[in-house]
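Scroll down for the structure; my scribbles are underneath it.
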Amino acid sequence: MKDYLVKALAFDGEVRAYSVRTTNMVSEAQRRHDTWRTASAALGRSLTAGAMMGAMLKGEQKLTIKVEGNGPIGPIVIDAHANGDVRGYVTNPHVDFESTEQGKLRVYQAVGTEGNVTVIKDIGMREPFIGQSPIVSGELGEDFTYYFAVSEQTPSSVGVGVLVNGDDSILAAGGFILQIMPGAQEETISFIEERLKKIPPVSTMIEKGLSPEGILNEILGEENVKVLETMDVQFNCTCSRERIESVLISLGKAELEQIRGEEEETEVHCHFCNERYKFSKDDIKQLIETL
């Protein structure tokens, strides 16, 4: 099944809802970064949240999420675009812990329970929107829920989950965001709160084959959900050799001459997708000649 995202309204507009399957996206991130199980879950949950938060934007808008906890994986950084392109990395991918007795990955131990979630939105204004909230659990779903409440004053429920196989490959990943709109009735809020207590983990629902629409129907009741739009989501990095060449050219002639004199081969590493671009002395010489 391919990855995709659903935007919906529920209860006659009282609830805005997003749901997404990100199994392939998280698998691609795991492959590129060689993340171990707990790091995969942390990165995958963050990518999933990023995909849904990106879908709240329009046109060419984009956002960056930084989860900076005091755990051993270090900062997690996600870039998400309104068109469904998402990329991201975790600073230390080789982090894993023993699962709990219930088989749950200890994501909070990897992320840490102190620190901040920062969201930077480039929405075409002169200055970006920057929102920040403290990490409350390190499990990420609760941390993004708290972010929406504190920074965007939007009562929300964020569920994100990743199931990882014994060989570190990704079995299932996805999530949902429910947002209560102004004027929502108490009955609606109570209904959702009760449903959220009863549903299985979102990653389990995806493993069992539920679609993003199926997840929203499971939580909100099929008769209450009105799907507005579906869109593809994918791990897609904007880096390329041409872009790296432009960055090198921007260093100027003197610095490029110095690099060429000191290095047999220059390597530039993209943190987001782990791609490495190599430039020989002749490559650098050709770049200098364009200046």
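The backbone N, Cα and C atoms fix where each Cβ goes, and this holds for glycine too.
For the recorded site, Cys239 (disulfide bond), the DSSP three-state label reads coil. The Cβ of Cys239 (disulfide bond) lies under 8 Å from the Cβ of Cys270, Phe272, Cys273, Glu275, each of which sits 6+ residues away along the same chain. Sequence annotations record features per position, and here Swiss-Prot assigns disulfide bond to Cys237-Cys239 (among others).
Residues or ranges marked as disulfide bond by Swiss-Prot on the basis of sequence analysis: Cys270-Cys273 (among others).
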**Q.** DSSP-derived structure type at Cys273 (disulfide bond), helix or strand or else coil
**A.** coil
Q: Run through the Cβ atoms and count how many others sit within 10 Å of the one on Cys270 (disulfide bond).
A: 18
